[in-house]
Each structure stands twice: as structure tokens, then as C-alpha cells.
Ligand code: GUN
């Protein structure tokens, strides 16, 4: 994998770049649609490529390991061959889902034992095991096994957890570097900065992660309930330590405003369930603001969903029709809304890239955030 920076914004830390993987290039800053179980919910691979123009999608180790399982994925020839997605994939390590989804879990130095949220069966994730699993899934970018601390988090817990995440990272690197990808293309391992909202811990973690000199780095443990300002100051601190010439991935973030602010602090990659999950509940992000499609207000609005956005779903269907589909509980409602919201998120990062290249990113960001975040 290579990363080259193509432009710097003169007024902020924002930059554009190109990340090149064996499954093709990714223009940064980028938003990665979440495809937890090997599918971006309610969206076809063809729509992801042609309508949304997603350059990379996410998968989750926790879900894919439990279902369909490694036998099936290995026999299929990895996740790319299994789901037909030809572009890059990143898999999260399970270091988040195992805490948020599994019923009972025990975290120990060796690893985490947990019960499946699907059938209650017992499993164990270790740093080494999670590297092996992600080798079998075969994503281009794989994540280190970490503990994502909750918010708020006692200082002593955050410190001990961060130190364990660091020891786990050394074990991940040990296993990753002594193994190879199974399917004839390169994989790369990103470590994850933790440390809750404590500046001294975040500094220590960022220094430790930077010292590993991997091809890219991630910031975890944020957007877990802390105030936005605390998230931004943490990102600013961590990015002042992580190497400037490597991609930085902010995990699980966020709203359009969060993404633009983090881009201005030098973040290059994002993922979040927000556009797809909100879509299935009728909440749309548009170039005019946020719309709840279940509102009576849209019942006779026969204008396109978001003509300013372009793209199939946003220009072909009307607000009134989409509202009807939601009220009638029709499956197509979630499909149209997901396609629209992802088109919006990919539009947002494309706009950001264009404004960074043009040198007016900060003025554009400050002007557009209030509009994008207003409730219509
Ligand atoms: N997704 C969102 N936050 C995190 C995190 O801290 N760790 C991992 N592994 N995944 C995440």
C-alpha cells in the first residue's frame, strides 16, 4: 500500500491524498460505507460502485467470523470473492463489536471470551487469532485488536486498558508480520490509538502507535458519548503526534459536521453506520439539511428528494413517494434512503477534497455546516 499527499489546505491541517491498494486507489479524505456482515445493508454492490462511487467499504471481523464463518469465507476465496466487491475493503478487528454486541464477555490479558449475540455459543478472540481471522477474510486494510473504552471512563481503567491494547498491538504485529495474505494480494495492518479523553494517555498512546511505523494509523475510543469539543481536542492532540505522511483513520465517526471538523484536523478516513442506519429509520442527510421522511410535512411534496445532490435515488424519487414508502413499511424505503444517504456522504468528502485542492476548505466548511445540520 502507498499513500501520497496531493494537496494541503493553507488554513487548516486538511489534506487530500491517494491511498493505493492492490484492489485499486482511494482518494482521501474518504468515507467508507459500513458493510458489517459482508453487505452494506439494503444496497447492491453495483449501486455502491456506480451510483455512490464508494471507493472502499468496511466489514466486521466479529460478524463475519460468527456468520458465515471462516470455513465458508476461506473456501469462497475471501470476502472479495464471496460478495463480489472488486474494490478495497477494510475490516474492523472485533475490538469494538465484541464489547457492544456480545452478551457476556471477559477481558483478560490473553484475550476476550464472549458469547455470540446470534446463538449464545462461546468464543475467544486473541490478538493472534484476530490476525488469522482477518487474513482469512482478506481485507486490504485490517485493524489491530484493541479495547474501546466507554465514556465516561475512570482514569485508572483507561490507563490499564490502553497499556493492554499496546501489548495486544505488539502481539498483533508479531503474528501479522510472520504470516502472509491467502489470496495473492497485500494486506496492511493499522494500529489504533486509545486513551479515552485523558490528554496524557492519548499522548502516550499516539507516541507508542507512531513508533510502530505502520503504513497507516487509526484513532479509536471516540464518538462514544463524549462532548464533540472533547473529541476534537483529542483528535488535534493525537494528530500532532501521528506521522503526517501516513493516512489517519478516525473510527466510527460521524455526523457531516464531525467529518468536516475532523478533516480540518488532518483525518483522512472515516466510517460510520449513521448514513445507513438513519436511512432505515427515515432520517435523510441532504444538501439542504436533515429530513425526517415520516413527517406529514412531506406528504404532498412532489419535488425530488435532493436535486442538489444529483445521483439516481436523490433525483428520481420524490419526497412524497419516499414518505409513503416509509409510512407503508415498504422495503424499498430503506433501499432508496440508504442509497441517498451514502450518495450524500460520498458527495460530502468529494466536496471536501475539491475545496482542499482549491485552498478554501475552511471557509466552505464553516459556511456549509449550519445548513447541513439544520432540521427541515
Ligand atoms: N469503531 C469505533 N471505535 C472503535 C474503536 O475504538 N476500536 C475499534 N476496533 N473499532 C472501533
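Glycine too: its Cβ is placed from the backbone N, Cα and C atoms.
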Residues flagged as region 'RNA binding' in TrEMBL, choosing from 271-275, 276-280, 281-285:
276-280
Where TrEMBL shows 92, 93, 94, 95, 96, 146, 221 binding substrate, which of 186, 187, 194 is named for the same site?
194
I'm validating the feature mapping. Which of 245-251, 252-258, 259-265, 287-293 is tagged region 'RNA binding' in TrEMBL?
252-258
Suppose we screen the binding-site residues 93, 94, 95 by Cβ distance to ligand 1 with a cut-off under 6 Å; which survive, in sequence order?
93, 95
Around the substrate site (92, 93, 94, 95, 96, 146, 194, 221), what further same-chain residues have their C-beta within 8 angstroms of the site's C-beta centre?
143, 144, 145, 147, 148, 192, 220, 251
Mind checking which residues reach the region 'Disordered' (1-25)? Cβ under 8 Å, same chain, six or more beyond either end.
55-56, 80, 86-89, 140-141, 185-186, 188, 215-216, 239, 244-247, 263-266, 268-269, 352-353, 355-357, 359, 361-363
Which has the fewest other Cβ atoms within 10 Å: 92, 146, 271, the recorded positions listed?
271
If H, G and I count as helix, E and B as strand, and all else as coil, what does DSSP give for residue 95 (substrate binding site)?
coil
Let me spell it out: for each of the binding-site residues (95, 221), count the other Cβ atoms within 10 Å of that residue's Cβ, using every protein chain shown. Which one has the most?
221
Rounded Cα separation (Å) that holds between residue 93 (substrate binding site) and residue 271 (active site, nucleophile):
14
